[in-house]
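Novice: Found this in TrEMBL, in case it helps:
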type	residues	note
TRANSMEM	B:20-40	transmembrane segment
TRANSMEM	B:52-68	transmembrane segment
TRANSMEM	B:73-91	transmembrane segment
TRANSMEM	B:97-114	transmembrane segment
TRANSMEM	B:121-140	transmembrane segment
TRANSMEM	B:160-189	transmembrane segment
TRANSMEM	B:210-229	transmembrane segment
TRANSMEM	B:235-254	transmembrane segment
TRANSMEM	B:284-305	transmembrane segment
TRANSMEM	B:317-337	transmembrane segment
TRANSMEM	B:368-385	transmembrane segment
């Protein structure tokens with residue numbers, strides 16, 4: 001039998017206009033824990049979707065060999081039949097169904113469509129023992145914690161006679177105890193012969209559990225590291241992975257800028273935010289930061305570090321509960337209990353998810369631009385429609401929004417143009433602080449340059465700007481100062497002159513002592 | 001982007017909205033032919049206005065609720081309850097007619113506060129809250145009336161729905177006053193359109209060519225005058241038509257030109273984005289339901305005045321007519337799209353179809369089938385046009 005349980009050979013996957021994977025190779029040995037690392041957007045998830053059949057055979061180039069056989073999956077069912085099971089970062093459990101029902105969902109133990117509950121529940125108990133979970137199988141899944149839910153997912157995978165288990169960010173939502181338990185379980189499974197692929201941002205974890213690590217960058221494989229061999233050679237595993245993840249040349253993607261710093265505009269002190277539905281889980285843990293006029297400050301952190309949560313909680317407490325801490329504008333404390341308060345205080349937040357949180361997609365440019373500052377075109381309570389059009393027209397020209405008229409429906413514009421509309425909308429509120437959350441996500445390179453230029457212009461006009469980004473080159477390219485965030489805590493503050501991608505990545509992956 | 005836009009552009013700019021006018025004209029012509037002209041006779045047109053006015057009043061409030069992404073199933077029961085309260089105050093207690101009107105309006109406000117509280121503050125889906133309201137207010141109606149109908153109302157109260165303004169200026173066989181009012185409306189429309197055009201030019205926007213503008217205004221004015229001429233040849237200007245016209249003007253303005261109105265559309269289009277733009281969504285939702293309560297009360301007053309009684313079973317199924325009017329008038333099932341004028345046209349389409357089929361002597365069961373089919377087709381058109389627009393993106 002072949003030593004490699006899985007071989008993915010020269011996988012190339014393109015989406016309209018984007019090459020997501022380019023000639024990627026992945027070899028996984030039987031019975032090992034294989035980590036896949038890369039920055040957000042490097043192509044890890046796409047690769048796993050190709051493997052599991054979410055992207056069916058034919059929609060990509062290259063070959064997949066599983067247990068020595070050339071396979072082509074047309075749906076996720078095909079890959080599961082062969083024992084390849086993927087557990088997504090967003091758990092796919094039905095909260096109102098019981099643990100046992102969830103484990104056997106889609107795979108019910110039934111004769112002629114009638115479920116044998118005794119068999120289901122006793123089988124569930126056996127599987128739960130295997131993953132070290134002592135829960136009653138009839139408990140609704142929604143009543144147990146996220147850590148235990150993760151174990152239920154694994155039990156579900158085991159019920160399908162899994163040979164290759166893929167875990168996407170399994171510990172992102174877990175606390176330290178639950179993470180340790182889960183990693184222990186993954187080791188046990190390996191020893192029982194289940195091969196695991198684990199995708200994780202937590203490099204400390206990877207260094208601890210993985211037998212080998214494949215690093216992906218910009219849709220291509222960089223290298224596969226044999227962890228045992230690297231350790232024998234006395235290498236620092238985390239550093240080696242980071243070098244692989246970020247080691248690209250910095251191209252001249254960022255416009256130059258002159259920096260003139262003014263007075264402090266914004267400061268937040270000792271900011272604490274709890275998860276909205278999981279009481280006691282701290283999402284932001286005592287964060288403090290400040291921004292001066294004309295300054296572009298970056299917040300770098302990996303997925304789940306609490307970047308968006310920090311921003312949205314500051315912006316009118318739009319996220320989380322039991323929020324404590326103080327926000328200062330121009331060194332005076334301000335109230336930010338509602339979005340209206342925050343806008344009045346001069347704060348604007350441009351969401352990372354513009355389609356969900358930023359735009360009314362069925363409406364036109366004109367009404368989206370005026371949405372957050374409608375009073376400005378309606379001084380006496382009724383809207384001056386002509387003035388509204390004139391305002392939108394001004395932004396269409398100054399922001400170079402490519403659309404025939406301001407009556408064009410937003411949903412039909414490209415990502416870059418949509419982002420310019422969102423920016424226009426928030427600029428029209430005349431903010432003093434702009435929080436830009438992933439301002440260039442899903443935007444092509446040319447439009448990115450335009451967005452960076454706009455950011456520069458705004459800073460030059462004296463606005464304070466916070467840029468949240470998971471792309472480190474972007475952070476280094478446009479910011480003056482960078483805060484790093486890990487597990488809801490600010491782990492460092494680095495002036496851009498002293499910052500390197502390696503240094504930031506170290507701070508971003510710093511775990512709790 | 002100065003210049004003039006051409007006819008085709010004007011027609012295609014919003015198929016969803018303009019389609020409904022074309023359909024309306026088509027249906028009016030169809031039934032005018034099928035009924036041998038009876039549909040457009042002076043007497044029948046007057047009757048049409050009187051008979052469907054309360055549905056149109058309800059449709060105004062309903063389309064706003066639907067645009068915000070909700071639904072209101074309780075309006076039929078609220079029509080009954082407010083009518084019953086007015087009847088008890090005026091008929092049983094013998095108070096003046098206007099006290100009855102005030103009592104009915106207050107009842108409508110209280111109903112709106114109740115439903116607004118559950119929907120906006122507590123966050124229960126409006127479908128459930130108003131389904132419960134449908135039962136609650138029907139039950140209260142029966143209790144208020146002790147399960148018997150009350151009648152008759154004094155003449156002043158009846159005039160709200162059955163009264164006419166006529167004879168004020170005399171006229172040989174037709175009512176001059178009615179014609180004067182309609183002429184003023186036609187001229188007012190022309191002047192308003194001209195001012196909009198001038199303002200647009202001031203802001204350097206594109207406007208339609210002058211001849212097209214003139215044709216459009218003259219055409220609408222001709223329709224207004226033709227309608228007025230018919231009414232003037234029957235019983236004159238119905239008071240309820242004035243009420244309806246005032247409501248349409250006010251709510252057209254509120255929905256299209258005020259901050260409150262814009263917030264309704266923003267919430268229906270993308271609730272999360274609206275919240276993150278500083279829209280006070282709870283307040284808007286609350287006010288929407290209070291407003292619906294008030295409009296249901298007005299409809300209740302008109303209906304009780306027209307039927308000259310308050311009955312325990314009044315207003316049954318009105319909610320469905322109002323909802324149908326809004327959807328036929330171009331409101332989107334998912335919220336965010338819809339106009340007061342569209343809902344009025346939608347309501348008129350339903351009215352003309354019912355009325356036309358009645359004149360033709362088609363039985364009630366067939367009428368229901370036809371109206372149901374038209375509703376499904378109208379919403380199917382909405383779904384189809386949305387799909388089409390997303391494909392071309």
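Even glycines carry a Cβ here, placed using N, Cα and C.
I'm curious about the neighbourhood of these features; can you describe it?
Specialist: Residues 75, 79, 126, 161, 240-241, 243-244, 247-248, 251, 255, 264-265, 267-268, 284-285, 288-289, 291-292, 294-296, 298-300, 302-303, 306, 318-319, 321-323, 325-327, 329, 331, 335-340, 342-344, 346-348, 350-351, 354-355 of the same chain sit 6 or more residues outside the transmembrane segment (B:52-68) yet have a Cβ under 8 Å from a Cβ within it.
When Cβ-Cβ distances below 8 Å are used as the criterion, the transmembrane segment (B:97-114) is approached by residues 74, 78, 81-83, 85-87, 89-90, 133, 137, 153-154, 156-157, 160, 286, 289-298, 300-301 of the same chain, each at least six residues removed from its ends.
Same-chain neighbours of the transmembrane segment (B:160-189): 50, 53, 101, 217, 220-221, 224-225, 227-229, 231-233, 235-240, 242-243, 245, 301-303, 305-306, 308, counting only residues six or more beyond its ends whose CB sits under 8 Å from a CB of the stretch.
Listed by sequence, the residues of this chain that lie at least six past the ends of the transmembrane segment (B:235-254) yet keep a Cβ under 8 A from its Cβ atoms are 46, 49-50, 53, 56-57, 60, 64, 159-161, 163-167, 175, 177-178, 181, 185, 260-261, 295, 298, 302, 339-341, 344.
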Novice: What residues elsewhere in the chain lie close to the transmembrane segment (B:210-229), defined as a C-beta under 8 angstroms and at least 6 residues from its ends?
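Specialist: Apart from its flanks, the transmembrane segment (B:210-229) reaches 7, 10, 45, 174, 178-179, 181-183, 185-187, 189-190, 193-194, 197.
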